[in-house]
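Enquirer: Encoded as structure tokens, here's the structure I'll be asking about.
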Amino acid sequence: MTDTIFALATAAGRSAVAVVRVSGPRSSEIAAALCGRLPSPRLASVRTLKHNGVALDAALVLRFEKPASYTGEDSVEFHVHGGRAVVEALLAALSELGARLAEAGEFTRRAFENGKLDLAQAEGVADLIDAETEAQRRQALGQVGGALSQRYDRWRDLLVQALAMLEAAVDFPDEDLPEEVAERARPGLRQLSAELNAALADVSRGRRVRDGFRIALIGAPNAGKSTLLNGLAERDAAIVTDVAGTTRDVIEVPLVLGGYKVLVADTAGIRETADVIEAEGVRRAKAWAEAADLRLWVVDGFHVKQADARPEAIRVGDWLILNKTDIADADASAHVAERWAGEGLTVLHIAGTSAEGPEALRAALASHVADALSGAEFPAATRLRHAERLSEARSYLERALSDVGLEVELAAEDVRLAARALERISGRIDPEDVLGRVFSTFCIGK
């Protein structure tokens, strides 16, 4: 028999209300032991919870009968006062009555096992809980609603249709079938291959929405990188002094720009140094910048002629920030800006020593991030697991396209394998260890 499980579904600690969730075959029995007469299903009712004759709390009780519950099982929710003592007393009573504390993600795993949602939707639930920005909320909510799953299912259906044509050509070679029956599968497979390519190209966008768009502030020591970071963060996140080389490590600050999560990093000033610690900071700065989605080369406007020498690591798409332009040589700044704009860099003039400077940079970055991450209405794949299976399906599909007309049996097998790769995203045929990894990332009460 399946265990009856329980957990605190709201955040631990002092609060006005705490929600304790119970799910499993003995949910109603255990709830009745605590509150006596059970409320009707899906009707919230106030009950006094008692255990061993001792009152625990006055609670709002909700009961759900299977399959009309989150988990697909009989379930009960207790909405109690959020004091630690009240919650601990209720959890202890549930344990004594025969329920056990749920494992991480166990409620959602039961929902998956009972067909209430598929694996991609379950991952969307985890992302929705972790969402910090409006973009992350929209992305995760679309995934929970089944937008990704519906797309994958449509692709699988197209593969099944193509497979039927290919297998007809294999299984009935002597029947009066049109000679081109196998070739009829080719246009649909080509279209699907193009859609898979587009989805894989969009994976990086989805992952940046979920994990954050990475922006690196790089440049020579004392260019004003730390001052700009503090201005963007609107707090003293980095130490600012007149001493060159103050920043020795990468300082990451999470921000929300234009509704998207952004990680801005202040890095050690790039220069040759005999100082072992500073040299390690420079190495880390270069590594972080190499992996960044956008790199801002900050140049001290007071020494703007330094920007005449092209840094070796600079690349098209980088930004050149002419900082401290309120004290810079205007003619020299204009010359440098014109030169670097011609090299494919975006050039911004920032008065980093005033309040307007960081604000102007923040607005420019918000616009850039929104342009980079805004996409189609459906959510993009955000997880490496999805990208791997999509890439696998594309490989099988490309091989099938090369086999159609030559080795129909091989083409049919490749189409079958492509369909199975898509099925693994939704969890239809995933092994137990994959399921365990997915649900282990959840909180206990979900």
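Heads up, the Cβ atoms here are built off N, Cα and C, so glycines get one too.
The (6S)-5-formyl-5,6,7,8-tetrahydrofolate binding site annotation in Swiss-Prot covers R21, E77, K116, K446. Feature annotation from Swiss-Prot assigns domain 'TrmE-type G' to 212-370. Taken from Swiss-Prot, the feature K(+) binding site covers N222, T241, V243, T246, and the record attributes it to sequence analysis. The GTP binding site feature in Swiss-Prot is assigned to 222-227, 241-247, 266-269. For S226, T247, the entry in Swiss-Prot reads Mg(2+) binding site, with the evidence type sequence analysis.
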Enquirer: Report the member of R21, K116, K225 (the binding-site residues) whose C-beta atom has the most other C-beta atoms within 10 angstroms.
Expert: K225
Enquirer: Given A268 (GTP binding site) and S226 (Mg(2+) binding site), what distance in Å do their CA atoms have, once rounded to a whole number?
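Expert: Here the two Cα atoms lie 9 Å apart.
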Enquirer: Got a sec? Which of these binding-site residues, N222, S226, has the most Cβ atoms within 10 Å?
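Expert: Result for the most crowded candidate: S226.
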Enquirer: So if I measure Cβ to Cβ from E77 ((6S)-5-formyl-5,6,7,8-tetrahydrofolate binding site) and keep only same-chain residues at least 6 apart in sequence, which ones fall under 8 Å?
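Expert: Listed in sequence order: A9, V19, V20, R21, V22, V61, L62, F64.
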Enquirer: Take the Cβ of A268 (GTP binding site) and count every other Cβ within 10 Å, whichever protein chain it belongs to.
Expert: 27
Enquirer: Note the mean pLDDT of the domain 'TrmE-type G' (212-370), expressed as a whole number.
Expert: 78
Enquirer: Rounded to the nearest angstrom, how far is the Cα of K116 ((6S)-5-formyl-5,6,7,8-tetrahydrofolate binding site) from the Cα of K225 (GTP binding site)?
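Expert: Each residue's Cα considered, K225 (GTP binding site) and K116 ((6S)-5-formyl-5,6,7,8-tetrahydrofolate binding site) end up 50 Å apart.
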Enquirer: Quick one: Cα separation, S226 (Mg(2+) binding site) versus K116 ((6S)-5-formyl-5,6,7,8-tetrahydrofolate binding site), in Å?
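Expert: Here the two Cα atoms are 49 Å apart.
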Enquirer: Indicate whether E77 ((6S)-5-formyl-5,6,7,8-tetrahydrofolate binding site) is helix, strand or coil by DSSP.
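Expert: It is in a strand.
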Enquirer: Just the number: how many Å between the Cα atoms of N222 (K(+) binding site) and K116 ((6S)-5-formyl-5,6,7,8-tetrahydrofolate binding site)?
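Expert: Cα of N222 (K(+) binding site) to Cα of K116 ((6S)-5-formyl-5,6,7,8-tetrahydrofolate binding site) measures 57 Å after rounding.
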